[in-house]
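Taking it in order: structure first as structure tokens, then the write-up.
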Amino acid sequence: MKLSFTKVSLTNILILFNCLFIIFSMIVLTFGVIPQIYLLKFANILHGVRPSIFPIVCFTGSFVIIVACVGIIGLMKGGKCLLTMHIIALIIATIIDISTATLSAIKQNEFLTKAGQVLNDSSKLYYKNRLYATEFDLMHITFKCCNVKNDYSLLGTLHLIPESCTHGIEFYKQQCNEPLNKYVRYYIDILIYLCFIFGFIKLIYSLFTFTQRQRIFSEKTPVA
């Protein structure tokens, strides 16, 4: 009965780890989805600019949930082929996560620069595009910033600084890409830590499971 207990215990531990991977992936998905939903409020003036880590972790998070379910089925049903596919897929997802987190850590100012360029271009259409004006007003009020300057139209009419750029008699002097980047960096930093920490856990799990796969499927449960 000792062999049977060892096999059952090992299988249960691996199943537990896969359940934890599902929970972890849901957490990663949450931190990847929330900022993207928020940035949709400014989708037009940002022209879809967003940190690449957000859509990537959403994809890998969803992918890992499926992979973990496949692993659980493989462990419960004794499917060696399923478990092998599970290990390979998990390693691929882990490599993608760690690579993305590394690049995001290196290119910390990438979104700041791109957002600044796009917002400056979009601000020129503030008085020409109602939708742009609405999104800029929301951004100004939310982040206490201003990206629209005094401007003369083709007819020589002076466009004053928008009311959304003011607070009482004071004007917001800060460019909007800076507070927007601060908001985005909060989620990026969390995702970087999560990707590294849980990425290494998944990598260790994958290597351990790979080395133990023969033991999992070769031991036979004695008949009582």
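For all residues, glycine too, the Cβ spot is worked out from N, Cα and C.
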Would you say Swiss-Prot puts G79 and T211 in the same topological domain with respect to the membrane? yes
Let me check the 10 A CB neighbour count of N120 (N-linked glycosylation site). How many other CB atoms are there? 14
Residue counts for the topological domain 'Extracellular' (102-189) under DSSP, helix then strand then coil, are 49 helix, 8 strand, 31 coil
For the topological domain 'Cytoplasmic' (74-80), the number of residues DSSP places in helix, strand and coil: 5 helix, 0 strand, 2 coil
Let me spell it out: take the transmembrane segment (190-210), skip the flanking residues so only those 6+ beyond its ends count, and list any with a Cβ under 8 Å from a Cβ in it. 14, 17, 21, 24, 27-28, 31-32, 53-54, 57, 64, 83, 87, 90-91, 93-94, 97-98, 100-101, 104-105
